[in-house]
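Just below is one structure, and these are the notes that go with it.
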């Protein structure tokens, strides 16, 4: 006779960093998020990027059209900051409830970021307006100078961009997204109530050895790149401490298999199907399940000034095998932990 499975009931979570893409990809991936999460901050790095209220309204409608019947899901839209963005357009979108936040991509830091910001000074009027109206700034925190080693780009960003920016605009709310280093974990922990961070499941579960030793694993390749184990451990300790300004942001970033498994593969992990169970596994390993619900469902809304979700979901602790692939028009998607046996999954 088998022992009954352990069940974990939590308030419905939100995903504070998500890529849904567009077209057939969007239609394929949306249900994996909408069946679990109440809301998600949707990244604006389409081609062309989402830089106007009209573009965000249209994109939001395409997302909602892809949500299956019976799923209660609200996409929260973001504006892609560019050197030429009009502060009035940004404020209009925020006041009309279209834009929840704005995203700063340093030019060429990640997928579809060629339109990104060349320098903070170039967008200072926009940032000053955001500070004035209370609009959160979401930051991909890496410098992009060719001479800076890829493993050092986050730490260098803190000292050269993030700290000077926050010193200059002291009332600006900032989310340091997908942090990957001890430097960033310490920086956020020591920051004030206007600084928060998201962390992905892959950066909590893995380090660069997992990606590079015994063969290259392209489906663990994302940006910011996985770091050495001391950084992974610092991230795990941050979430396990119950610190309330760090929250769930999967950075789920789907690419077709042929774009990941190539001579010059794309960065991004499609983790939407397995992320929540992955986070639960980490919290269990850290003996910190008492902080799991806050990380997933409470800390994010509190920072954004939004209500928590009023429905609940359950995770069950029983071994399940993750699908090897997911059909995508004329290709496939490879989910995070494909083919592996996982300990926690959302109860259907």
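Keep in mind that glycine also has a Cβ here, set from the backbone N, Cα and C atoms.
Residues 103, 140 are recorded by Swiss-Prot as Zn(2+) 2 binders, and the candidate that the same record lists for that site, out of 178, 203, 210, is 178. Of the listed candidates (231, 255, 258), Swiss-Prot assigns 255 to the same substrate site as 19, 20, 21, 45, 140, 223, 267.
Among the candidates 251, 310, 330, the residue that Swiss-Prot annotates alongside 17, 19, 103 as binding Zn(2+) 1 is 251. Between residue 21 (substrate binding site) and residue 251 (active site), the C-alpha separation comes to 12 Å. Taking the mean position of the Cβ atoms of 103, 140, 178 as the Zn(2+) 2 site, the remaining residues of that chain whose Cβ falls within 8 Å of it are 17, 43, 104, 105, 110, 138, 139, 141, 177, 251. Of all Cβ atoms in the protein chains displayed, 26 besides its own lie within 10 Å of the Cβ of residue 17 (Zn(2+) 1 binding site).
In sequence order, 109, 110, 111, 142, 267, 268 make up the list of same-chain residues 6 or more apart from residue 223 (substrate binding site) whose Cβ falls under 8 Å from its Cβ. Of the recorded residues, residue 19 (Zn(2+) 1 binding site) and residue 251 (active site) place their C-alpha atoms 6 Å from one another.
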